[in-house]
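Q: First, the structure itself, so that you have it in front of you.
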Amino acid sequence: MQVRPFYWLALSFLGYYCAYGVFLPFFPAWLKSQQYGEEMIGLVIGSAYIFRFAGGLFFSSLIKKANHIIIALRLLALASAIIMAAMSLVAHNFWLLFIAIGLYASVNSAGMPIGDSLASTWQRQIGLDYGKVRLIGSAAFILGVVVFGGMIGWVGEQNIVWILTALLSFYTIIQLLKPTIPPKDEIPEDSVQNDVGFIALLKNPMTLRVMIAVGLIQGSHAAYYVYSTIYWTSIGISVSQTSLLWGIGVLAEIVLFFFSRRLFQNISISVLLYISALACVGRWAVIGYIEDFWLIFLLQLMHSLTYAVCHYAIVRYITTQPQSHIAKLQGLYNGLSNGVLIAIFTAIAGMIYPTSPAMTFVFMSIIAAAAFFVIPRKLNAFLIVQHK
């Protein structure tokens, strides 16, 4: 069966982000159901972020031609489903489970940058509307969190791996569809300049400060990603209610992205980063002390400020840089914010959480506050004016 590129990519994002919407909030709950403690969970999930970083870079580097992208997505999806199914067989052997989680994180993480590479290829090739396709991915994340989160509340946390296996199998099957227009290679005009290294990019003081600031802001979400579900269920909030809390946060993110250009086109990147950092400080400072469901529900709306505003700001910064730098700057952003730093902060959170869940989130607030000291003071949308 053949489908148009827009629908092929939309279905691919649907499968990937629906499974990710179950894995991110609920996999720690599955580990807890297998009798692993909070400190061990923090270590395992923190290590998984390192594997995600390494896997994303490794598998992406293997793609040499555009027509390899879809084949890679199919193989990575199949491997993800097989490894997830195998986790149920090794759940009670820590080291085998650790290896399985590392392998899963490596192969599954590559689906995100490779999928975005396919979107970029089709965007240049046929004018694909990436924004609309990516919104389907965000909506799929909500579907995974809310619908399948509710199912988890019914069947129990011990069956999370089987729900994930089913979703990843669906993701694998829809990858087998054939696009009507295959992705094709094109040689960029500035390809001869596209040899700048990561270290060379970070030698730019402005880029270094922006990347560190964004890494601190995004990294401060570490405890939220790993322990929010565990914490909320420990204070009497049901798994199905927890899924609603995750869902409303992502919904707020989608709404902000939809209106972001209208809201922020005249606001400098520096101000946006200050707004996001301040929101993180406030959100993490109080989240561990609120036990009322509806107050937490309202607090979750701040995800639009703590995550979406920061993401919008860094993407806008990257678009102002030379074309030959953009791909590697995206890699630095994802590697630092969603890999190395969040892995470190997750491991630290795992050591604090058994003693005090509230202080775990307060520590995240302190991390976000540190961003204030590195955010460039005057960095607007299109031109670097001044930094101190």
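Even glycines carry a Cβ here, placed using N, Cα and C.
Quantities reported herein were computed from a predicted structural model and do not represent experimental measurements.
So Swiss-Prot lists these for the protein:
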TOPO_DOM  1-4  topological domain 'Cytoplasmic'
TOPO_DOM  32-37  topological domain 'Periplasmic'
TOPO_DOM  67-70  topological domain 'Cytoplasmic'
TOPO_DOM  97-100  topological domain 'Periplasmic'
TOPO_DOM  120-130  topological domain 'Cytoplasmic'
TOPO_DOM  177-210  topological domain 'Cytoplasmic'
TOPO_DOM  231-234  topological domain 'Periplasmic'
TOPO_DOM  260-269  topological domain 'Cytoplasmic'
TOPO_DOM  316-326  topological domain 'Cytoplasmic'
TOPO_DOM  379-388  topological domain 'Cytoplasmic'
TRANSMEM  5-31  transmembrane segment
TRANSMEM  38-66  transmembrane segment
TRANSMEM  71-96  transmembrane segment
TRANSMEM  101-119  transmembrane segment
TRANSMEM  131-153  transmembrane segment
TRANSMEM  157-176  transmembrane segment
TRANSMEM  211-230  transmembrane segment
TRANSMEM  235-259  transmembrane segment
TRANSMEM  270-289  transmembrane segment
TRANSMEM  293-315  transmembrane segment
TRANSMEM  327-354  transmembrane segment
TRANSMEM  358-378  transmembrane segment
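Map the listed features onto the structure and describe their local environment.
A: Shown for the topological domain 'Cytoplasmic' (1-4): DSSP residue counts in helix, strand and coil, namely 0 helix, 2 strand, 2 coil.
Long-range neighbours of the topological domain 'Periplasmic' (32-37) within the same chain, counting only residues 6 or more positions beyond its ends whose Cβ lies under 8 Å from a Cβ of the stretch, are 44, 91-92, 94, 97, 156-158, 160, 230, 354.
Taking H, G and I as helix, E and B as strand and the rest as coil, DSSP gives the topological domain 'Cytoplasmic' (67-70) the counts 4 helix, 0 strand, 0 coil.
With a cut-off of 8 Å between Cβ atoms, the residues of this chain six or more beyond the topological domain 'Periplasmic' (97-100) that come close are 34, 44, 47, 83, 86-87, 90-91.
The average pLDDT the prediction assigns to the topological domain 'Cytoplasmic' (120-130) is 74.
Each residue of the topological domain 'Periplasmic' (231-234) gets a DSSP state, and the totals for helix, strand and coil are 4 helix, 0 strand, 0 coil.
Per DSSP, the secondary structure of the topological domain 'Cytoplasmic' (260-269) breaks down as 6 helix, 0 strand, 4 coil.
Here the transmembrane segment (71-96) has long-range neighbours at 12, 15-16, 19, 34, 36, 40, 59, 62-63, 103-104, 107-108, 110-111, 114-115, 118, 161-162, 164-165, 168-169, 171-172, 175-176, meaning same-chain residues at least 6 beyond its ends whose C-beta is under 8 angstroms from one of its own.
Long-range Cβ contacts of the transmembrane segment (101-119) within its own chain (Cβ-Cβ under 8 Å, at least 6 residues beyond either end) map to 9, 12-13, 16, 23, 44, 47-49, 51-56, 58-60, 63, 69-70, 72-73, 76-77, 79-80, 83-84, 87, 128, 130, 133-134, 183, 330-331, 334.
Taking Cβ pairs closer than 8 Å, the transmembrane segment (131-153) reaches residues 6, 9-10, 13-22, 25-26, 29, 119, 159-160, 163, 167, 238-240, 242-244, 246-247, 250-251, 253-254, 257-258 in its own chain, all 6 or more past its ends.
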Q: Among 157-176, 235-259, 293-315, 327-354, 358-378, point out the range having the most Cβ pairs under 8 angstroms from the transmembrane segment (38-66).
A: 327-354
Q: Which sequence-distant residues neighbour the transmembrane segment (157-176)? Criterion: at least 6 residues beyond either end, Cβ under 8 Å.
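A: Apart from its flanks, the transmembrane segment (157-176) reaches 11-12, 14-16, 18-19, 22-23, 26-27, 29-30, 32-34, 70, 73-74, 77-78, 80-81, 84-85, 87-88, 91, 144, 148, 151, 239.
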Q: Test the contact criterion for the transmembrane segment (358-378) and the transmembrane segment (5-31): 3 or more CB pairs under 8 Å, pairs 6 or more apart in sequence, then answer yes or no.
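A: Answer no: the transmembrane segment (358-378) and the transmembrane segment (5-31) share fewer than 3 Cβ pairs below 8 Å.
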Q: Go through the chain and flag residues at least 6 beyond the ends of the topological domain 'Cytoplasmic' (260-269) whose CB is under 8 A from any CB in it; none is fine as an answer.
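A: For the topological domain 'Cytoplasmic' (260-269), the far contacts come to 210, 308-309, 312-313, 316-317, 376, 378-381.
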